[in-house]
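A.B. asks: Sharing the record's features from TrEMBL:
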DOMAIN    B:776-895  domain 'ABC3 transporter permease C-terminal'
TRANSMEM  B:336-360  transmembrane segment
TRANSMEM  B:380-405  transmembrane segment
TRANSMEM  B:417-436  transmembrane segment
TRANSMEM  B:456-474  transmembrane segment
TRANSMEM  B:494-515  transmembrane segment
TRANSMEM  B:542-562  transmembrane segment
TRANSMEM  B:774-799  transmembrane segment
TRANSMEM  B:820-843  transmembrane segment
TRANSMEM  B:870-894  transmembrane segment
Amino acid sequence: MTTTDTTTPAAEAPPRGGEIVCEDVVRIFSADGIEVQALQGLNLHVAAGDLVAIVGASGSGKSTLLTILSGLDTPTAGKASVAGTDLLTMRGRARVNYQRHTVGFVWQQTSRNLLPYLTALENVCLPMSLAGTASVPHAEHLLRLLGVEHCRDRKPTEMSGGEQQRVAIAVAVANSPKVLLADEPTGELDEATSVEVLETMRAVNAELGVTVLIVTHDPTVSEHVRRTVQIRDGRTSTEVLRRRETDEHGQEQHIAEEFAVLDKVGRMQLPHDFVDALELKQRVRLALEPDHVGVWRDTTDDPKPTDQGEAAPSGASNDGSDDANRAEPSERPEPEGTR
Amino acid sequence: MRFSLMRRQAASSPGASIALALIVLVAAGLFTAWPRLQQTTFNDEINYQIEQTPAPVRALTGAYSGWFLDQGPDSWSRLDASLADAVAGGGPALAASAGMPRYSVTSDEPVLPTLPNGLPTDLVGAGLRLRLDPGIAEHVRPVEGDLPAPSPVDDLLDAVQTQEGWEAVLADGFPATDIMLSVESAQRMGLAVGDILTLPQGFSGGAEIPLRLSGIFEPADPADPQWEFQLNTVRPLIIDDPNTGLHLTATGYVNPDTVGWLNATGLAVMSAEFWIPIEATTTDTPALIADLRSFTGTPQNLEYSSQGPPVEVRFASGLTDVLAGATARWQGTAAVLTMVAAGPAGVTFAILALGARLAVSRRRTTLALVSARGGSGAQVRGMLAVEGLVLGLPAAALGAAVATLAVPSPQPSWTDYLLPAAAALAPAVFLATTPVPSLRASRPDLSARSTSQWRWVVEVVVLALAAAALYLMLQRGIGDATAQADPVATATPLLLALAACVIALRLYPVPLRMVHALTRSRRRLGGFLGSARAIREGSAGVVPMLALIVGISIAVFSTTMITTLRAGTDSGALADAGADIRMSGPVYSEELIAQIAATEGVTDVAAVTTIPNTPLSEDGTIRRLDLYAVDSDALARVQEDVPGALDVSELATPDGDTLPIVVSTGHEVETDVPLELVFSDAVPVSVVGQAEAASGVAEGRSWAIVDLDLLREATGQNLSPRLLLVDVADDADPALVAGALHDVVSGEGQVTSPAQNAADVFASPSAGSMIRGFVIALVVSVLLCIVALVMTLVLAAPARGRLMAVLRTLGVGPGLARSLVAWETAPLTVVAIVVGAALGLALPQLVGATVDLRPFTGDDAQPPIIYDPLLLVGVIAGVVAILTGCVVLASGIARRLSLSVLRIGDAQ
């Protein structure tokens, strides 16, 4: 399954945010005899106004993705667009406009978000002034919205970490961007402050309707967002959707469903624990059932002579996610690791 | 809002900005002062040379032979006006430098008067020349009596109308006409004021001409150049004829309005002398040379008489040659100074670029963030450019203004401000063109290839340019440096330094790898880590390397040039003087020569007798040459070390009655015909050698040299020497010996030593300014080296700080930081010393091959480049000591600076 409109945007207000579309995005860094493929055909679709977290281990390519989305880097191949702006063909003036009006971002280190010698208000005014639309009342409004109006005339060194990040968010949304990108916004914060900052981002998402994409390796972040996309080895691998449901007893329940991501040609990644649990290696056997696909361990090389393979299915279907696995019958998903 | 943000940003890291502004300030000041100093020094040099030239040589002098005097009342003032017109028409530069034109009219041949008190016993003859000089009153101070009054004869002549009247006057005798003599002339002739002396018969009819000594004078100012133009006036000319005795010729002034009387006496043929003094006040030498050439090239028509035609006078001046020589000397100075200055000027701009990089790197986070938040390239660069202008323009303006006020320029030109303007704009340009840092995490390991490819291209271009410039310079030499600097000559040393830098940076890792291999086996971490960083991080910056190479090469170059010029000057002066001490002037008797030879410190004395205009008969054809009779044995010993000394070994051995002579190549003689020197008797001679020059002995083009004793024998004449060449013992001080000899001859004549001449050469403004230029260039280079090293250390501080942070967590002591800093600078300095010294040793050869150094040394041949190893090592050691001190100081500062980034993981 590719990402679909399974999530619901903030329905109350018409979304002001922008849609993020990545299809088979490839980014290769090359030098003498070395090629590092940071993104290997990444697919991602974030609907306008959505709040999505991207999680992944270091080196999985999530920072590369964010650098590309923030307009600092250009993908080598594929298709990437944010709020209708094609990131592959974006040059010069368009890039500046993109950075001014389409995206805003918050980085992990507070020192990289705020200029140390400017006050909070001045920091918020800076991007507006770069775009030629400096407005002190608007900046004050943003500080108020983010609950840091008391920091108006303080320099970053005089604020707490949480305050700094909230001012940083205000800076990022100063020019009313369509998309807010955040790279480990809670990386240097304690747990309580992290929650505070994440809730602030959720509030910004709700209030301003801006699409928010948070990149993190912090698993707790995913609890604050509707949708979490996992990146592994330069590709999106699985997604977790969260929703709240009121069950028949009138109790609100947090429901988290995990999905594997399927690309246009039908490739998908099996989660590591699945592969480990069944000792899946090199190849697996597939079987198309009426409402799901079965995956079995390849036992042809197993020492047992009696084993007839198909007769003794030892595999498992993706329990709990039947409806997410709609592979075309003609295509066989390849095991992870082969290309 | 935007401007306040910009101001905040600019003020956020003021260190680099202040450094940039300071460098621009100093650079603009130096760039402004340099050409002005050059112009000033050039004018000083020219005026110094004019001053050094004797007044009669430098003045415009002309003569007119023949009677042109007019009795008209306005004739002198008409002549004055005409001369003034001629000077004014000679061009503005000439008019500005010319003094008051002067002239006098003097009788050519002395007439012999009858003296009232008889001829003094010490004289065998006393002659008198009469002179008219309307302007003499200003130059004399009457000691007794008065200036001569107009002759009463004129009135008498006017009164006489008839032949009978004339006969009567002749019979009665004429009244005396006034004459004025100098005190000494009157004294030598035994005359007192009021005495009447009688000239032999004159006038048509043959009456005696009485003259009354109306007054005696002394020069109003003994140093007045007037008396250099009018020789034998203050003191009478006394000719010592060895056969007869002393003959005196005095010159007396008669009233300038006695033209009628002079005319009537018909005594003498009169000649006029004109002289226009040239003062040492020129500010535009080329114009002065041009004016002098055109003034002397055409005859001047001087109006004198209202009836007669104008007098045509051709003026001449020795000044054109002097000025041409001074200009040549200056061209050499300018060429050498430009070559020296080019390096530091180039390094200054390189350092400004480095400073801009430092300023950008100090606020890379800010710039990256601004650029990522939507600051367009134009915005960010524009902001940096504006900041650069704000830093550069006022600093440069201040520097240029101070230099303009401090160094007055005789010919200010807007082109003098081009380089300061470049310095003013440099920060803006360098700041705006420095790559804007990006927030994107950079992967230096992944972008290695493209950099190294470009590096090759740049290096090849630099080497090719240096080779081309070198080839061009060797091919066509230095251009005319009076007006504008030769761009090739200016750029070549800098390009050579760049090429040397490129090679040094390539070779630099080779010895380092060896050092690294050595340190690997040692236990100490500092050397291992430091050498590993130096090799693998490629931290050796181009700019500090260039600065160091230029600095060291200038030190070596300047030292070598000074050594070379001093040696060349010494040898030139020695060749000029012909011996350690040269004594000339009076007649040196045998006793006096013996006394001189016995003086302490004197090892040998060679006597030279000059017999000018000696006829040499070649098979009956007679041509005249100057004959120099020398003590050939003594001369050979005295001139052992003198460059260009004549080989006199064959002069002392006569071939029968024939005297051997050496003849100048300027006087071509047939050697296979009978040759005779014609004295009272003919002396047969044979040519044993021909020479172009005889150092210290012969002057001019036509001369011959013969042995003094042989010539005395052959002619039977006691030829007295007027020139002595004295050899001084090696351990004696020539100056002291010269002083002693001065006392021996009781101050008579001239006693000169080459050391004195050499000092004179270095006393000239151009030589002085060359040495000052060397010192300034050296000081500036050392400063630039220090700035470059400090900037590099500061630039590398964040990386070093991160490394130190990691190492500290591994348990390394803080002392390692010092070792790391040392390893960042020491290998660089060592390589730069080697390469810079090599370049500094090579550059003088380039100068020797392209710049005419002969005007400096006064020698005929280009002086050889002389290296003084001891002095060179001393100078390099001095420079290195200063650099080391400053680097130690700087590393302390750098370590302090690196403390601010002691945080692991804080990227960039």
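Note that Cβ sites are derived from N, Cα and C of the backbone, with glycine treated the same way.
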A.B. asks: Would you mind listing the long-range same-chain contacts of the transmembrane segment (B:870-894), meaning Cβ under 8 Å and 6+ residues beyond its ends?
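C.D. replies: Distant contacts of the transmembrane segment (B:870-894): 548, 551-552, 555-556, 559-560, 563, 778, 782, 785-786, 789-790, 793-794, 796-797, 800, 818, 821-822, 825, 829, 833, 837.
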A.B. asks: What parts of the chain pack near the transmembrane segment (B:820-843), using Cβ distances under 8 Å and only residues at least 6 beyond its ends?
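C.D. replies: Distant contacts of the transmembrane segment (B:820-843): 339, 493, 496-497, 500-501, 503-504, 507-508, 511-512, 515, 526-527, 529-531, 533-534, 539-541, 544-545, 548-557, 560, 789, 792-793, 796, 800, 803-804, 867, 872, 876, 880, 883-884, 887, 891, 894-895.
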A.B. asks: Who are the chain neighbours of the transmembrane segment (B:542-562) in space, where the CB to CB distance is under 8 Å and they lie at least 6 residues beyond its ends?
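C.D. replies: Apart from its flanks, the transmembrane segment (B:542-562) reaches 336, 340, 343-344, 346-347, 350-351, 353-354, 493-494, 497-498, 500-501, 504-505, 508, 770-771, 774-775, 777-778, 781-782, 784-785, 787-789, 791-792, 825, 828-829, 831-833, 835-837, 839-841, 843-844, 847, 865-868, 871-872, 875-876, 878-879, 883.
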A.B. asks: When you scan the chain for residues with a C-beta under 8 Å from the transmembrane segment (B:494-515), skipping those not six or more beyond its ends, what do you find?
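C.D. replies: Beyond its ends, the transmembrane segment (B:494-515) has Cβ neighbours at 342-343, 345-346, 459, 462-463, 465-467, 469-470, 527, 531, 534-535, 540, 542, 545-546, 549-550, 553, 827-828, 831-832, 835-836, 838-839, 842-843, 846.
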A.B. asks: What stretch of B:380-405, B:417-436, B:456-474, B:774-799 shows the most Cβ pairs under 8 Å to the transmembrane segment (B:336-360)?
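C.D. replies: When the Cβ pairs under 8 Å are tallied, B:774-799 comes out ahead.
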A.B. asks: Which whole number is the mean pLDDT over the domain 'ABC3 transporter permease C-terminal' (B:776-895)?
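C.D. replies: Reported value for the domain 'ABC3 transporter permease C-terminal' (B:776-895) is a mean pLDDT of 81.
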A.B. asks: DSSP-wise, what's the residue breakdown of the domain 'ABC3 transporter permease C-terminal' (B:776-895) into helix, strand and coil?
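C.D. replies: Its residues divide into 100 helix, 0 strand, 20 coil.
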